[in-house]
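Shown next, in C-alpha coordinates, is the structure this report addresses.
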(Lines of atoms letter the chains of each structure in order from A and count residues from 1; the text may use other names and numbers.)
(Lines give C-alpha, C1' and ligand atoms only; values in the text may rest on other atoms or scores of the structure.)
Protein backbone atom coordinates (compact mmCIF):
# COMPACT_ATOMS: atom_id res chain seq x y z
CA UNK A 1 0.00 0.00 0.00
CA UNK A 2 1.44 3.41 -1.03
CA UNK A 3 -0.35 6.35 0.68
CA UNK A 4 0.83 9.80 -0.45
CA UNK A 5 3.62 8.28 -2.48
CA UNK A 6 5.28 6.41 0.46
CA UNK A 7 5.82 2.66 0.40
CA UNK A 8 4.31 0.99 3.52
CA UNK A 9 4.86 -2.70 4.19
CA UNK A 10 4.45 -4.76 7.38
CA UNK A 11 5.96 -8.22 7.52
CA UNK A 12 3.75 -10.18 9.92
CA UNK A 13 6.28 -13.02 10.18
CA UNK A 14 9.35 -10.86 10.75
CA UNK A 15 9.27 -10.66 14.55
CA UNK A 16 8.58 -14.35 15.06
CA UNK A 17 11.25 -15.29 12.54
CA UNK A 18 13.81 -12.90 13.99
CA UNK A 19 13.42 -13.97 17.59
CA UNK A 20 13.69 -17.61 16.56
CA UNK A 21 16.95 -16.83 14.76
CA UNK A 22 18.22 -14.82 17.72
CA UNK A 23 17.55 -17.74 20.04
CA UNK A 24 19.35 -20.07 17.64
CA UNK A 25 22.33 -17.71 17.67
CA UNK A 26 22.30 -17.72 21.47
CA UNK A 27 22.25 -21.50 21.67
CA UNK A 28 25.14 -21.77 19.21
CA UNK A 29 27.10 -19.03 21.02
CA UNK A 30 27.30 -16.74 17.98
CA UNK A 31 27.73 -12.97 18.50
CA UNK A 32 27.16 -13.41 22.26
CA UNK A 33 28.59 -10.72 24.51
CA UNK A 34 27.56 -11.83 28.00
CA UNK A 35 28.39 -14.92 30.04
CA UNK A 36 26.08 -15.91 32.89
CA UNK A 37 27.68 -18.13 35.52
CA UNK A 38 24.85 -19.89 37.38
CA UNK A 39 26.03 -22.30 40.08
CA UNK A 40 28.90 -23.48 37.89
CA UNK A 41 26.89 -23.58 34.66
CA UNK A 42 27.86 -21.16 31.89
CA UNK A 43 25.22 -19.63 29.64
CA UNK A 44 25.87 -17.32 26.70
CA UNK A 45 23.51 -14.57 25.57
CA UNK A 46 23.26 -11.11 24.03
CA UNK A 47 23.32 -8.10 26.36
CA UNK A 48 20.84 -6.08 24.33
CA UNK A 49 18.21 -8.83 24.52
CA UNK A 50 18.63 -9.45 28.25
CA UNK A 51 18.73 -5.73 29.06
CA UNK A 52 15.31 -5.31 27.41
CA UNK A 53 13.80 -8.03 29.61
CA UNK A 54 15.60 -7.64 32.93
CA UNK A 55 15.97 -4.25 34.67
CA UNK A 56 18.42 -5.95 37.03
CA UNK A 57 20.75 -6.97 34.20
CA UNK A 58 20.23 -3.60 32.48
CA UNK A 59 21.70 -1.88 35.55
CA UNK A 60 24.68 -4.25 35.56
CA UNK A 61 25.38 -3.85 31.85
CA UNK A 62 24.91 -0.09 32.05
CA UNK A 63 27.60 0.15 34.73
CA UNK A 64 30.17 -1.97 32.87
CA UNK A 65 33.53 -0.24 32.62
CA UNK A 66 34.02 -1.76 29.16
CA UNK A 67 30.63 -1.64 27.39
CA UNK A 68 32.13 -3.25 24.28
CA UNK A 69 33.74 -6.23 25.99
CA UNK A 70 32.29 -9.48 27.28
CA UNK A 71 30.18 -9.05 30.41
CA UNK A 72 30.40 -11.65 33.15
CA UNK A 73 27.51 -12.02 35.62
CA UNK A 74 27.63 -14.61 38.38
CA UNK A 75 24.69 -16.10 40.32
CA UNK A 76 25.25 -18.56 43.16
CA UNK A 77 21.67 -18.67 44.41
CA UNK A 78 19.63 -19.49 41.28
CA UNK A 79 18.65 -22.75 39.61
CA UNK A 80 20.40 -23.07 36.22
CA UNK A 81 17.32 -24.75 34.71
CA UNK A 82 15.16 -21.84 35.84
CA UNK A 83 17.55 -19.30 34.34
CA UNK A 84 17.49 -21.24 31.06
CA UNK A 85 13.69 -20.99 31.09
CA UNK A 86 13.97 -17.22 31.49
CA UNK A 87 16.54 -16.97 28.70
CA UNK A 88 14.19 -18.81 26.35
CA UNK A 89 11.42 -16.45 27.42
CA UNK A 90 13.61 -13.41 26.75
CA UNK A 91 14.21 -14.59 23.19
CA UNK A 92 10.82 -16.13 22.32
CA UNK A 93 8.23 -14.52 24.66
CA UNK A 94 7.18 -18.07 25.56
CA UNK A 95 7.41 -19.25 29.15
CA UNK A 96 7.64 -23.04 29.44
CA UNK A 97 8.49 -24.69 32.75
CA UNK A 98 7.73 -28.02 34.40
CA UNK A 99 5.45 -27.66 37.40
CA UNK A 100 8.28 -28.71 39.73
CA UNK A 101 10.41 -25.85 38.39
CA UNK A 102 7.91 -22.99 38.69
CA UNK A 103 9.03 -21.88 42.17
CA UNK A 104 12.63 -21.68 41.00
CA UNK A 105 11.58 -19.73 37.90
CA UNK A 106 9.69 -17.36 40.20
CA UNK A 107 12.79 -16.89 42.39
CA UNK A 108 14.99 -16.22 39.37
CA UNK A 109 12.44 -13.78 37.91
CA UNK A 110 12.35 -11.95 41.24
CA UNK A 111 16.14 -11.68 41.28
CA UNK A 112 16.22 -10.39 37.70
CA UNK A 113 13.27 -8.03 38.35
CA UNK A 114 11.17 -9.66 35.63
CA UNK A 115 7.90 -8.70 37.28
CA UNK A 116 5.57 -9.98 34.58
CA UNK A 117 7.10 -13.46 34.72
CA UNK A 118 7.02 -13.38 38.52
CA UNK A 119 3.30 -12.58 38.47
CA UNK A 120 2.54 -15.32 35.94
CA UNK A 121 4.43 -17.87 38.04
CA UNK A 122 2.62 -16.67 41.17
CA UNK A 123 -0.77 -17.01 39.48
CA UNK A 124 0.17 -20.51 38.31
CA UNK A 125 1.10 -21.53 41.86
CA UNK A 126 -2.18 -20.14 43.16
CA UNK A 127 -4.11 -22.13 40.55
CA UNK A 128 -2.51 -25.36 41.81
CA UNK A 129 -2.86 -24.57 45.50
CA UNK A 130 -5.05 -26.83 47.61
CA UNK A 131 -5.45 -27.70 51.29
CA UNK A 132 -2.47 -30.06 51.15
CA UNK A 133 -0.03 -27.51 49.72
CA UNK A 134 -1.17 -24.07 50.90
CA UNK A 135 1.12 -23.99 53.96
CA UNK A 136 4.26 -24.61 51.89
CA UNK A 137 3.00 -22.01 49.40
CA UNK A 138 2.60 -19.52 52.24
CA UNK A 139 6.13 -20.19 53.46
CA UNK A 140 7.36 -19.65 49.90
CA UNK A 141 5.40 -16.40 49.46
CA UNK A 142 6.66 -15.13 52.82
CA UNK A 143 10.26 -16.00 51.96
CA UNK A 144 9.90 -14.18 48.63
CA UNK A 145 8.35 -11.14 50.32
CA UNK A 146 5.48 -11.16 47.81
CA UNK A 147 2.61 -9.41 49.59
CA UNK A 148 0.18 -9.99 46.70
CA UNK A 149 0.82 -13.72 46.69
CA UNK A 150 0.87 -13.87 50.48
CA UNK A 151 -2.49 -12.11 50.81
CA UNK A 152 -4.13 -14.51 48.36
CA UNK A 153 -2.72 -17.54 50.15
CA UNK A 154 -3.86 -16.16 53.51
CA UNK A 155 -7.36 -15.59 52.11
CA UNK A 156 -7.43 -19.24 50.99
CA UNK A 157 -6.25 -20.42 54.41
CA UNK A 158 -8.93 -18.35 56.12
CA UNK A 159 -11.61 -20.02 54.00
CA UNK A 160 -10.34 -23.59 54.41
CA UNK A 161 -8.73 -23.68 57.86
CA UNK A 162 -10.60 -26.73 59.16
CA UNK A 163 -9.75 -28.80 56.08
CA UNK A 164 -6.12 -27.64 56.25
CA UNK A 165 -5.90 -28.69 59.90
CA UNK A 166 -6.17 -32.34 58.85
CA UNK A 167 -3.23 -32.20 56.44
CA UNK A 168 0.33 -33.38 57.05
CA UNK A 169 1.88 -29.94 56.52
CA UNK A 170 -0.33 -28.51 59.27
CA UNK A 171 0.53 -31.30 61.69
CA UNK A 172 4.26 -30.57 61.27
CA UNK A 173 3.97 -26.89 62.19
CA UNK A 174 5.30 -25.74 65.57
CA UNK A 175 2.43 -25.24 67.98
CA UNK A 176 1.58 -23.21 71.05
CA UNK A 177 -0.92 -24.90 73.38
CA UNK A 178 -2.91 -22.74 75.77
CA UNK A 179 -5.32 -23.68 78.54
CA UNK A 180 -7.36 -20.66 79.62
CA UNK A 181 -9.19 -20.91 82.95
CA UNK A 182 -12.45 -18.98 83.11
CA UNK A 183 -14.24 -17.55 86.11
CA UNK A 184 -17.83 -18.64 86.59
CA UNK A 185 -20.23 -17.27 83.96
CA UNK A 186 -17.36 -15.81 81.93
CA UNK A 187 -16.93 -16.56 78.22
CA UNK A 188 -13.92 -16.01 76.03
CA UNK A 189 -14.09 -12.95 73.76
CA UNK A 190 -14.43 -13.08 69.98
CA UNK A 191 -11.55 -14.50 67.95
CA UNK A 192 -9.97 -11.15 67.08
CA UNK A 193 -9.83 -9.76 70.61
CA UNK A 194 -8.88 -13.12 72.06
CA UNK A 195 -5.83 -13.63 69.87
CA UNK A 196 -4.71 -10.02 70.24
CA UNK A 197 -4.48 -10.69 73.98
CA UNK A 198 -2.67 -13.97 73.31
CA UNK A 199 -0.09 -12.27 71.08
CA UNK A 200 0.40 -9.65 73.76
CA UNK A 201 1.03 -12.38 76.33
CA UNK A 202 3.56 -14.15 74.06
CA UNK A 203 5.46 -10.92 73.47
CA UNK A 204 5.69 -10.11 77.16
CA UNK A 205 6.73 -13.66 77.98
CA UNK A 206 9.59 -13.40 75.51
CA UNK A 207 10.82 -9.85 76.05
CA UNK A 208 10.02 -9.26 79.73
CA UNK A 209 10.11 -12.69 81.33
CA UNK A 210 13.04 -13.91 79.22
CA UNK A 211 11.24 -16.94 77.80
CA UNK A 212 11.92 -18.15 74.27
CA UNK A 213 9.15 -19.10 71.87
CA UNK A 214 10.52 -22.64 71.75
CA UNK A 215 10.26 -22.91 75.55
CA UNK A 216 6.67 -21.70 75.47
CA UNK A 217 5.85 -24.42 72.95
CA UNK A 218 7.42 -27.25 74.93
CA UNK A 219 4.44 -27.65 77.26
CA UNK A 220 0.87 -26.49 77.72
CA UNK A 221 0.70 -22.91 79.03
CA UNK A 222 -1.93 -22.04 81.64
CA UNK A 223 -3.61 -18.62 81.50
CA UNK A 224 -6.50 -17.11 83.44
CA UNK A 225 -9.30 -14.97 81.98
CA UNK A 226 -11.03 -12.92 84.64
CA UNK A 227 -14.51 -11.44 84.87
CA UNK A 228 -13.12 -7.98 84.06
CA UNK A 229 -11.71 -9.33 80.76
CA UNK A 230 -8.07 -9.48 81.78
CA UNK A 231 -5.76 -12.26 80.65
CA UNK A 232 -3.42 -13.30 83.45
CA UNK A 233 -0.48 -15.67 83.53
CA UNK A 234 -1.72 -18.85 85.20
CA UNK A 235 1.69 -19.45 86.76
CA UNK A 236 1.57 -16.08 88.54
CA UNK A 237 -1.94 -16.11 89.92
CA UNK A 238 -0.72 -15.09 93.36
CA UNK A 239 -1.52 -11.49 92.49
CA UNK A 240 1.77 -10.66 90.78
CA UNK A 241 0.59 -11.48 87.28
CA UNK A 242 0.90 -8.89 84.58
CA UNK A 243 -2.38 -7.69 83.12
CA UNK A 244 -2.36 -7.50 79.37
CA UNK A 245 -4.13 -4.41 78.21
CA UNK A 246 -5.68 -2.84 75.16
CA UNK A 247 -4.87 -3.22 71.49
CA UNK A 248 -3.16 0.18 71.59
CA UNK A 249 -0.88 -1.01 74.38
CA UNK A 250 -0.04 -4.03 72.22
CA UNK A 251 0.88 -1.91 69.21
CA UNK A 252 3.02 0.50 71.26
CA UNK A 253 4.79 -2.38 72.93
CA UNK A 254 5.75 -3.98 69.62
CA UNK A 255 7.09 -0.69 68.33
CA UNK A 256 9.12 0.24 71.38
CA UNK A 257 10.49 -3.04 72.70
CA UNK A 258 13.85 -3.99 71.15
CA UNK A 259 14.88 -7.63 70.69
CA UNK A 260 16.68 -9.14 73.68
CA UNK A 261 20.23 -10.27 73.20
CA UNK A 262 20.31 -13.57 75.01
CA UNK A 263 21.32 -17.13 74.47
CA UNK A 264 17.85 -18.53 73.96
CA UNK A 265 17.31 -20.92 71.11
CA UNK A 266 15.29 -19.71 68.15
CA UNK A 267 12.93 -21.60 65.91
CA UNK A 268 11.61 -21.00 62.46
CA UNK A 269 8.83 -22.40 60.38
CA UNK A 270 10.42 -24.35 57.55
CA UNK A 271 8.75 -25.23 54.29
CA UNK A 272 7.64 -28.48 55.85
CA UNK A 273 6.50 -26.79 59.00
CA UNK A 274 9.12 -28.43 61.25
CA UNK A 275 11.21 -26.68 63.85
CA UNK A 276 14.53 -25.67 62.36
CA UNK A 277 17.58 -23.54 62.95
CA UNK A 278 17.63 -19.73 62.96
CA UNK A 279 19.23 -19.58 59.53
CA UNK A 280 16.54 -21.67 57.84
CA UNK A 281 15.78 -20.37 54.38
CA UNK A 282 12.03 -20.07 54.87
CA UNK A 283 11.07 -17.57 57.54
CA UNK A 284 8.59 -14.72 57.77
CA UNK A 285 9.92 -11.17 58.18
CA UNK A 286 11.63 -10.81 61.56
CA UNK A 287 9.38 -9.62 64.38
CA UNK A 288 6.19 -10.01 62.33
CA UNK A 289 3.16 -10.74 64.50
CA UNK A 290 -0.02 -11.65 62.68
CA UNK A 291 -3.17 -13.75 63.01
CA UNK A 292 -3.59 -15.50 59.64
CA UNK A 293 -6.79 -17.48 60.30
CA UNK A 294 -8.80 -18.73 63.24
CA UNK A 295 -11.86 -20.88 63.87
CA UNK A 296 -13.97 -21.73 66.87
CA UNK A 297 -14.09 -25.52 66.55
CA UNK A 298 -16.39 -26.17 69.51
CA UNK A 299 -17.57 -24.57 72.71
CA UNK A 300 -14.57 -22.64 74.12
CA UNK A 301 -12.12 -24.42 71.80
CA UNK A 302 -10.22 -22.40 69.20
CA UNK A 303 -7.78 -23.15 66.42
CA UNK A 304 -5.51 -20.52 64.93
CA UNK A 305 -2.69 -20.13 62.41
CA UNK A 306 -0.46 -17.21 63.30
CA UNK A 307 2.93 -15.63 62.75
CA UNK A 308 4.67 -15.15 66.11
CA UNK A 309 7.92 -13.19 65.95
CA UNK A 310 8.31 -14.26 62.30
CA UNK A 311 7.49 -17.94 62.98
CA UNK A 312 4.48 -19.48 61.22
CA UNK A 313 2.80 -21.73 63.78
CA UNK A 314 -0.42 -23.15 65.22
CA UNK A 315 -2.15 -21.92 68.37
CA UNK A 316 -4.51 -24.34 70.10
CA UNK A 317 -6.59 -22.69 72.80
CA UNK A 318 -9.12 -24.30 75.11
CA UNK A 319 -11.11 -22.43 77.73
CA UNK A 320 -12.71 -24.17 80.69
CA UNK A 321 -14.25 -23.15 83.97
CA UNK A 322 -11.74 -22.94 86.78
CA UNK A 323 -12.33 -24.85 90.00
CA UNK A 324 -11.50 -21.53 91.66
CA UNK A 325 -13.76 -18.52 91.22
CA UNK A 326 -10.83 -16.14 91.70
CA UNK A 327 -7.10 -16.33 91.05
CA UNK A 328 -5.99 -17.04 94.60
CA UNK A 329 -4.17 -20.22 93.65
CA UNK A 330 -2.81 -21.76 90.52
CA UNK A 331 -5.34 -23.97 88.71
CA UNK A 332 -4.20 -27.51 88.02
CA UNK A 333 -3.85 -28.50 84.37
CA UNK A 334 -4.77 -31.98 83.22
CA UNK A 335 -1.99 -33.73 81.32
CA UNK A 336 -4.61 -35.03 78.87
CA UNK A 337 -4.24 -31.79 76.86
CA UNK A 338 -7.82 -30.75 77.34
CA UNK A 339 -7.29 -27.80 74.99
CA UNK A 340 -7.79 -30.28 72.14
CA UNK A 341 -11.14 -31.56 70.94
CA UNK A 342 -12.68 -33.81 73.57
CA UNK A 343 -13.90 -37.27 72.60
CA UNK A 344 -17.46 -36.49 73.61
CA UNK A 345 -17.43 -33.56 71.18
CA UNK A 346 -16.97 -35.96 68.25
CA UNK A 347 -20.05 -37.84 67.17
CA UNK A 348 -20.24 -40.77 64.77
CA UNK A 349 -23.23 -40.89 62.45
CA UNK A 350 -24.26 -42.36 59.10
CA UNK A 351 -23.05 -40.17 56.26
CA UNK A 352 -25.73 -37.96 54.77
CA UNK A 353 -26.94 -39.26 51.38
CA UNK A 354 -27.19 -37.18 48.22
CA UNK A 355 -30.54 -35.61 47.46
CA UNK A 356 -30.72 -37.60 44.21
CA UNK A 357 -29.82 -41.21 43.52
CA UNK A 358 -27.49 -41.18 40.53
CA UNK A 359 -25.33 -43.54 38.48
CA UNK A 360 -22.93 -42.67 35.67
CA UNK A 361 -22.24 -39.37 37.42
CA UNK A 362 -19.19 -37.12 37.36
CA UNK A 363 -17.29 -36.55 40.61
CA UNK A 364 -14.31 -34.44 41.60
CA UNK A 365 -12.72 -32.71 44.57
CA UNK A 366 -12.67 -28.93 44.55
CA UNK A 367 -11.64 -26.65 47.41
CA UNK A 368 -11.86 -29.45 49.97
CA UNK A 369 -15.38 -30.46 48.97
CA UNK A 370 -16.81 -33.34 46.94
CA UNK A 371 -18.74 -32.42 43.80
CA UNK A 372 -21.28 -34.86 42.30
CA UNK A 373 -22.84 -33.84 38.98
CA UNK A 374 -25.39 -35.30 36.59
CA UNK A 375 -25.83 -39.04 36.18
CA UNK A 376 -29.04 -40.97 35.63
CA UNK A 377 -31.64 -42.89 37.60
CA UNK A 378 -34.58 -44.99 36.50
CA UNK A 379 -36.41 -41.92 35.26
CA UNK A 380 -34.02 -39.50 33.55
CA UNK A 381 -30.57 -38.03 33.03
CA UNK A 382 -29.89 -35.28 35.54
CA UNK A 383 -28.65 -31.68 35.37
CA UNK A 384 -28.39 -31.22 39.12
CA UNK A 385 -25.06 -30.74 40.90
CA UNK A 386 -24.50 -31.43 44.61
CA UNK A 387 -21.63 -30.36 46.84
CA UNK A 388 -20.61 -32.29 49.99
CA UNK A 389 -18.80 -30.67 52.92
CA UNK A 390 -16.97 -33.42 54.87
CA UNK A 391 -16.65 -31.26 57.99
CA UNK A 392 -20.38 -30.68 58.39
CA UNK A 393 -21.59 -33.86 56.63
CA UNK A 394 -23.91 -31.67 54.58
CA UNK A 395 -24.94 -31.71 50.91
CA UNK A 396 -25.89 -28.48 49.16
CA UNK A 397 -26.82 -27.66 45.58
CA UNK A 398 -24.68 -25.78 43.08
CA UNK A 399 -26.02 -24.31 39.86
CA UNK A 400 -27.33 -27.07 37.55
CA UNK A 401 -25.51 -27.89 34.33
CA UNK A 402 -26.89 -26.46 31.09
CA UNK A 403 -27.38 -29.94 29.64
CA UNK A 404 -28.66 -33.13 31.30
CA UNK A 405 -25.78 -35.55 31.11
CA UNK A 406 -24.74 -39.01 32.28
CA UNK A 407 -22.04 -41.57 31.42
CA UNK A 408 -19.36 -38.88 31.54
CA UNK A 409 -16.42 -37.96 33.75
CA UNK A 410 -15.44 -34.68 35.35
CA UNK A 411 -12.05 -33.09 36.06
CA UNK A 412 -10.62 -29.99 37.71
CA UNK A 413 -8.32 -27.93 35.49
CA UNK A 414 -6.63 -24.78 36.83
CA UNK A 415 -9.18 -24.56 39.64
CA UNK A 416 -12.23 -24.93 37.36
CA UNK A 417 -14.60 -27.88 36.96
CA UNK A 418 -14.95 -29.32 33.45
CA UNK A 419 -17.54 -31.80 32.16
CA UNK A 420 -17.25 -33.15 28.61
CA UNK A 421 -19.34 -35.48 26.46
CA UNK A 422 -21.70 -38.09 27.86
CA UNK A 423 -25.32 -38.76 26.98
CA UNK A 424 -28.50 -36.79 27.63
CA UNK A 425 -30.68 -39.91 27.51
CA UNK A 426 -32.69 -38.82 24.48
CA UNK A 427 -30.38 -38.28 21.52
CA UNK A 428 -26.99 -39.43 20.32
CA UNK A 429 -23.89 -39.00 22.42
CA UNK A 430 -22.88 -35.44 23.32
CA UNK A 431 -20.00 -33.43 21.92
CA UNK A 432 -20.61 -30.39 24.12
CA UNK A 433 -18.81 -29.52 27.33
CA UNK A 434 -19.21 -27.05 30.20
CA UNK A 435 -17.02 -25.32 32.78
CA UNK A 436 -18.23 -24.37 36.25
CA UNK A 437 -17.26 -20.88 37.43
CA UNK A 438 -17.52 -20.83 41.23
CA UNK A 439 -17.29 -17.02 41.29
CA UNK A 440 -20.70 -16.66 39.62
CA UNK A 441 -22.09 -20.14 40.44
CA UNK A 442 -22.84 -20.88 36.81
CA UNK A 443 -21.79 -23.18 33.98
CA UNK A 444 -20.14 -21.79 30.84
CA UNK A 445 -19.99 -23.66 27.49
CA UNK A 446 -16.57 -24.80 26.29
CA UNK A 447 -15.60 -25.61 22.68
CA UNK A 448 -17.22 -28.81 21.44
CA UNK A 449 -15.39 -32.03 20.79
CA UNK A 450 -14.72 -32.88 17.18
CA UNK A 451 -16.77 -36.08 17.61
CA UNK A 452 -19.55 -37.09 19.97
CA UNK A 453 -18.27 -39.02 22.97
CA UNK A 454 -20.01 -41.13 25.63
CA UNK A 455 -18.52 -43.33 28.36
CA UNK A 456 -15.12 -41.66 27.87
CA UNK A 457 -12.49 -40.97 30.49
CA UNK A 458 -11.64 -37.36 31.34
CA UNK A 459 -8.56 -36.15 33.21
CA UNK A 460 -6.43 -33.02 33.73
CA UNK A 461 -2.69 -33.34 33.08
CA UNK A 462 -0.02 -30.63 32.85
CA UNK A 463 -2.51 -27.79 32.48
CA UNK A 464 -4.56 -29.49 29.77
CA UNK A 465 -7.74 -31.58 29.64
CA UNK A 466 -7.69 -35.07 28.13
CA UNK A 467 -10.64 -37.16 26.96
CA UNK A 468 -9.76 -40.79 26.30
CA UNK A 469 -11.62 -43.71 24.74
CA UNK A 470 -15.40 -43.86 24.90
CA UNK A 471 -18.06 -45.63 22.86
CA UNK A 472 -19.07 -45.29 19.22
CA UNK A 473 -22.41 -43.62 18.28
CA UNK A 474 -24.15 -46.99 18.56
CA UNK A 475 -22.66 -47.78 21.95
CA UNK A 476 -21.50 -51.19 20.75
CA UNK A 477 -17.71 -50.91 20.77
CA UNK A 478 -14.98 -48.87 22.33
CA UNK A 479 -12.81 -46.19 20.76
CA UNK A 480 -9.05 -45.67 20.67
CA UNK A 481 -9.38 -41.90 20.28
CA UNK A 482 -7.53 -39.55 22.60
CA UNK A 483 -8.00 -35.77 22.41
CA UNK A 484 -6.55 -32.91 24.44
CA UNK A 485 -7.98 -29.46 25.18
CA UNK A 486 -5.78 -26.42 25.72
CA UNK A 487 -7.61 -23.85 27.93
CA UNK A 488 -5.36 -21.08 26.60
CA UNK A 489 -5.95 -21.59 22.87
CA UNK A 490 -9.44 -23.08 23.43
CA UNK A 491 -8.64 -25.80 20.89
CA UNK A 492 -9.03 -29.58 20.84
CA UNK A 493 -6.23 -31.57 19.18
CA UNK A 494 -5.57 -35.28 18.75
CA UNK A 495 -2.84 -37.22 20.50
CA UNK A 496 -1.65 -40.82 20.22
CA UNK A 497 -4.45 -43.41 20.16
CA UNK A 498 -4.84 -46.16 22.73
CA UNK A 499 -3.47 -49.64 22.11
CA UNK A 500 -6.85 -51.20 22.90
CA UNK A 501 -10.35 -49.93 22.16
CA UNK A 502 -12.19 -49.26 25.41
CA UNK A 503 -15.17 -47.48 26.96
CA UNK A 504 -16.45 -47.19 30.54
CA UNK A 505 -12.83 -47.05 31.69
CA UNK A 506 -11.44 -45.37 34.80
CA UNK A 507 -8.99 -42.54 34.04
CA UNK A 508 -6.72 -40.48 36.30
CA UNK A 509 -3.36 -38.71 36.58
CA UNK A 510 -0.49 -39.85 38.77
CA UNK A 511 3.13 -38.74 38.76
CA UNK A 512 2.88 -36.84 35.49
CA UNK A 513 1.35 -39.79 33.62
CA UNK A 514 -2.23 -40.48 32.55
CA UNK A 515 -3.67 -43.92 33.33
CA UNK A 516 -6.67 -45.61 31.68
CA UNK A 517 -7.85 -48.69 33.53
CA UNK A 518 -10.16 -51.52 32.54
CA UNK A 519 -13.38 -50.80 30.68
CA UNK A 520 -14.80 -52.86 27.85
CA UNK A 521 -13.79 -53.37 24.23
CA UNK A 522 -17.36 -54.13 23.18
CA UNK A 523 -19.17 -55.74 26.10
CA UNK A 524 -16.32 -57.95 27.24
CA UNK A 525 -14.75 -56.47 30.34
CA UNK A 526 -11.03 -55.69 30.35
CA UNK A 527 -8.39 -55.95 33.04
CA UNK A 528 -5.71 -54.25 30.91
CA UNK A 529 -4.19 -50.91 31.88
CA UNK A 530 -2.40 -48.32 29.73
CA UNK A 531 -0.19 -45.41 30.76
CA UNK A 532 0.30 -42.26 28.67
CA UNK A 533 3.57 -40.33 28.65
CA UNK A 534 2.94 -36.75 27.46
CA UNK A 535 6.67 -36.22 26.86
CA UNK A 536 6.80 -38.63 23.92
CA UNK A 537 3.06 -38.95 23.20
CA UNK A 538 2.94 -42.73 23.69
CA UNK A 539 0.66 -45.25 25.42
CA UNK A 540 2.27 -48.25 27.14
CA UNK A 541 0.57 -51.36 28.51
CA UNK A 542 1.47 -51.98 32.16
CA UNK A 543 0.54 -54.68 34.69
CA UNK A 544 -3.13 -55.75 34.36
CA UNK A 545 -5.63 -55.71 37.22
CA UNK A 546 -6.62 -58.89 39.02
CA UNK A 547 -10.30 -58.40 38.15
CA UNK A 548 -11.61 -57.40 34.71
CA UNK A 549 -14.20 -54.65 35.11
CA UNK A 550 -15.99 -51.76 33.42
CA UNK A 551 -17.78 -48.85 35.05
CA UNK A 552 -15.22 -48.70 37.87
CA UNK A 553 -14.02 -45.52 39.56
CA UNK A 554 -10.46 -44.55 40.40
CA UNK A 555 -8.81 -42.27 42.95
CA UNK A 556 -5.24 -41.41 43.97
CA UNK A 557 -4.09 -41.66 47.58
CA UNK A 558 -0.50 -41.62 48.91
CA UNK A 559 0.97 -41.97 45.43
CA UNK A 560 -1.06 -45.07 44.54
CA UNK A 561 -4.14 -45.79 42.40
CA UNK A 562 -7.27 -47.25 43.96
CA UNK A 563 -9.77 -48.78 41.51
CA UNK A 564 -13.16 -49.29 43.12
CA UNK A 565 -16.21 -51.33 42.16
CA UNK A 566 -17.58 -51.60 38.64
CA UNK A 567 -19.25 -54.40 36.69
CA UNK A 568 -17.48 -57.71 35.94
CA UNK A 569 -19.80 -58.82 33.12
CA UNK A 570 -22.28 -60.53 35.42
CA UNK A 571 -22.69 -58.46 38.56
CA UNK A 572 -21.98 -55.09 40.11
CA UNK A 573 -18.93 -55.63 42.32
CA UNK A 574 -17.56 -54.14 45.53
CA UNK A 575 -13.91 -55.22 45.28
CA UNK A 576 -11.07 -52.68 45.30
CA UNK A 577 -7.54 -52.94 43.89
CA UNK A 578 -4.49 -50.78 44.58
CA UNK A 579 -1.73 -50.13 42.02
CA UNK A 580 1.80 -49.28 43.15
CA UNK A 581 3.62 -47.57 40.25
CA UNK A 582 7.04 -48.15 41.83
CA UNK A 583 6.48 -51.92 41.73
CA UNK A 584 4.11 -52.09 38.75
CA UNK A 585 1.89 -54.35 40.86
CA UNK A 586 -1.80 -54.60 41.75
CA UNK A 587 -3.00 -55.67 45.19
CA UNK A 588 -6.51 -56.52 46.38
CA UNK A 589 -7.74 -54.22 49.16
CA UNK A 590 -10.76 -54.09 51.47
CA UNK A 591 -14.15 -54.30 49.75
CA UNK A 592 -16.67 -51.48 49.76
CA UNK A 593 -19.72 -52.05 51.95
CA UNK A 594 -21.97 -52.11 48.87
CA UNK A 595 -21.47 -53.19 45.24
CA UNK A 596 -21.26 -50.08 43.07
CA UNK A 597 -21.14 -49.87 39.29
CA UNK A 598 -20.71 -46.48 37.57
CA UNK A 599 -20.26 -44.81 40.97
CA UNK A 600 -18.40 -41.58 41.62
CA UNK A 601 -14.98 -42.06 43.24
CA UNK A 602 -12.82 -39.15 44.42
CA UNK A 603 -10.21 -38.27 47.04
CA UNK A 604 -10.92 -35.38 49.41
CA UNK A 605 -8.11 -34.64 51.84
CA UNK A 606 -6.73 -38.04 52.84
CA UNK A 607 -10.00 -39.91 52.31
CA UNK A 608 -11.44 -41.75 49.31
CA UNK A 609 -15.18 -41.26 48.83
CA UNK A 610 -17.55 -43.52 46.89
CA UNK A 611 -20.92 -41.96 46.03
CA UNK A 612 -23.96 -43.21 44.15
CA UNK A 613 -23.78 -45.88 41.45
CA UNK A 614 -25.90 -48.98 40.83
CA UNK A 615 -25.74 -52.05 43.08
CA UNK A 616 -27.51 -54.43 40.68
CA UNK A 617 -30.96 -53.69 42.06
CA UNK A 618 -31.15 -50.02 42.98
CA UNK A 619 -29.73 -46.68 41.99
CA UNK A 620 -27.85 -45.36 45.01
CA UNK A 621 -27.61 -41.99 46.74
CA UNK A 622 -25.45 -43.31 49.59
CA UNK A 623 -21.86 -42.45 50.50
CA UNK A 624 -19.02 -44.46 52.01
CA UNK A 625 -15.38 -43.70 52.79
CA UNK A 626 -12.12 -45.64 52.81
CA UNK A 627 -9.74 -45.69 55.77
CA UNK A 628 -6.23 -46.49 54.56
CA UNK A 629 -4.90 -47.40 58.01
CA UNK A 630 -7.58 -50.01 58.71
CA UNK A 631 -8.08 -50.95 55.03
CA UNK A 632 -11.83 -50.71 55.59
CA UNK A 633 -14.78 -48.90 54.06
CA UNK A 634 -17.46 -47.33 56.22
CA UNK A 635 -20.76 -45.51 55.65
CA UNK A 636 -20.17 -43.58 58.89
CA UNK A 637 -18.39 -40.31 59.58
CA UNK A 638 -17.18 -38.47 62.67
CA UNK A 639 -17.94 -34.79 62.92
CA UNK A 640 -17.58 -32.17 65.61
CA UNK A 641 -20.71 -31.46 67.60
CA UNK A 642 -21.24 -27.69 67.79
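Residue numbering: from 1, along the chain as shown.
Cβ from N, Cα, C; glycine included.
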Filtering 322, 594 by Swiss-Prot annotation phosphoserine leaves 322
Phosphoserine, as annotated by Swiss-Prot among 277, 352, 634, is found at 277
Checking 212, 246, 597, 630 against Swiss-Prot, the one recorded as phosphoserine is 246
For the repeat 'Kelch 4' (527-565), the distant same-chain contacts (Cβ-Cβ under 8 Å, at least six residues beyond its ends) come to 363, 461-462, 466, 468, 482, 495-500, 502-520, 572-581, 584-586, 588-589, 592, 595-603, 606, 608-610, 613, 626, 628
